[in-house]
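Annotated features, as they stand in Swiss-Prot:
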- 14-116: domain 'Calponin-homology (CH)' (DOMAIN)
- Lys66: N6-crotonyllysine (MOD_RES)
- 124-268: region 'Interaction with MTUS2/TIP150' (REGION)
- Tyr124: phosphotyrosine (MOD_RES)
- 146-191: region 'Disordered' (REGION)
- Ser155: phosphoserine (MOD_RES)
- Ser165: phosphoserine (MOD_RES)
- 185-268: region 'Interaction with CDK5RAP2' (REGION)
- 185-255: domain 'EB1 C-terminal' (DOMAIN)
- 206-211: region 'Interaction with APC' (REGION)
- 208-268: region 'DCTN1-binding' (REGION)
- 220-242: region 'APC-binding' (REGION)
- Lys220: N6-acetyllysine (MOD_RES)
- 232-255: region 'Interaction with SKA1' (REGION)
Amino acid sequence: MAVNVYSTSVTSDNLSRHDMLAWINESLQLNLTKIEQLCSGAAYCQFMDMLFPGSIALKKVKFQAKLEHEYIQNFKILQAGFKRMGVDKIIPVDKLVKGKFQDNFEFVQWFKKFFDANYDGKDYDPVAARQGQETAVAPSLVAPALNKPKKPLSSSSAAPQRPISTQRTAAAPKAGPGVVRKNPGVGNGDDEAAELMQQVNVLKLTVEDLEKERDFYFGKLRNIELICQENEGENDPVLQRIVDILYATDEGFVIPDEGGPQEEQEEY
């Protein structure tokens, strides 16, 4: 039977989005580029097969699933495996299959802890187990978003007393796996242009992922800030410590004034 894991709090042990994808791709020899691709449920099914051989009807898992009803079928297989191994976790299938970053990221963070608590280190050939199948990429994940308007970074109508510093959230985008290099000695200019466009699209998707992740965590910090402001008159030392951490900045960092040239420098 499985070792159940109930802690879902954010800790320093939680992996970042990039580290989580790297762990999944390395463990299952997949080529995922987005957390949202976990919405098919196929990766979780194979992880269960790795942890508890025979607990999942892996042959019934649709690794090439592209439609929501196929995702739901995969999660039903996962639920059956959970029940068979005594896993108490309730799978929020209706949320996961929508392919939203936040829901899928929270679930995979729990699953990573569950995996670590149950993995015994035995050898496992993921490609052979799934008979060479590769996961499909949903059309919405590969369509270039060249004309998609960007959401403003600050959309709150009520400005905080002191803005939360977000200078650490700007990360250099890295091209994810999946870009196929062609032999430079074969093909022509059209092939090179197509390859460059593919790389540009991958980078754009990576940037969008980073922006989603940034907004996700910034929203959590903003909620914490509002709670602190609502209770600031209580003189609670723990509350004051939280406020100090929220407003802490790196040495030498100056919060730019609203309006003026500084805002233009932040655009990219």
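For all residues, glycine too, the Cβ spot is worked out from N, Cα and C.
Within 10 Å of the C-beta of Lys66 (N6-crotonyllysine) we count 13 further C-beta atoms, all protein chains included. In this structure the C-alpha atoms belonging to the residue listed as 'phosphotyrosine' and the residue listed as 'N6-crotonyllysine' are separated by 26 Å. Comparing Lys220 (N6-acetyllysine) with the residue listed as 'N6-crotonyllysine', their Cα atoms are 31 Å apart once rounded. Annotation note: the residue listed as 'phosphotyrosine' sits in a coil segment as assigned by DSSP. Annotation note: Lys66 (N6-crotonyllysine) sits in a coil segment as assigned by DSSP. In this structure, the modified residues Tyr124, Lys220 were compared by how many other Cβ atoms lie within 10 Å of their Cβ, and the smallest count belongs to Lys220.
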